[in-house]
Amino acid sequence: MRIQLIAVGSKMPSWVEQGYQQYVKRFPSDMPLSLTEIPAGKRGKNADIKRILHKEGELTMAAIPKGNRIVTLEVTGKPWDTPMLASNMQKWQMDGRDVSLLIGGPEGLAPECIAASEQKWSLSPLTLPHPLVRIIVAESLYRAWSVNTNHPYHRE
């Protein structure tokens, strides 16, 4: 199973890339984690946010390989603790499909992304900086993998 993180935004600070890569390189070859960046629309004083969100949504949906399970990360989703994420990962593996996890931009995800989602995951009721979410998701997925494989990374 391949896991694809699709995130709105590019040109992240180096600490984001370094933090994200710390976890990517730990994943086994039979479960690689990849990142697809979607350019964020220009936002300014007179920006048409609905149009920007729609364009980001189109680009996000186009980046999802056909047949992938779609999981959106959003504040209205269900909070998952580590055992729940590990359980979901096992179900995803048994499903036999690859997984695309979607992270929206400053205004969140486009309605078409949310509508296509099979699962909605809330990392926190807090508003988190989008660059930090990439690292948190990568670490959480690695931790869940370690639970499922009895790897010593996770400790109860």
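Every residue gets a Cβ built from N, Cα and C, even glycine.
When L35, L59, L73 are compared with the S-adenosyl-L-methionine site residues G104, L123, S124, P125, L126, T127, L128 in Swiss-Prot, the one appearing in that site is L73.
By neighbour count, meaning other C-beta atoms within 10 Å, the densest spot among the binding-site residues L73, L123, L126, L128 is L73. Just so you know, the Cβ of G104 (S-adenosyl-L-methionine binding site) picks up 25 other Cβ atoms within 10 Å once every protein chain is counted. Between the two most distant C-alpha atoms of the annotated S-adenosyl-L-methionine binders (L73, G104, L123, S124, P125, L126, T127, L128) there are 15 Å.
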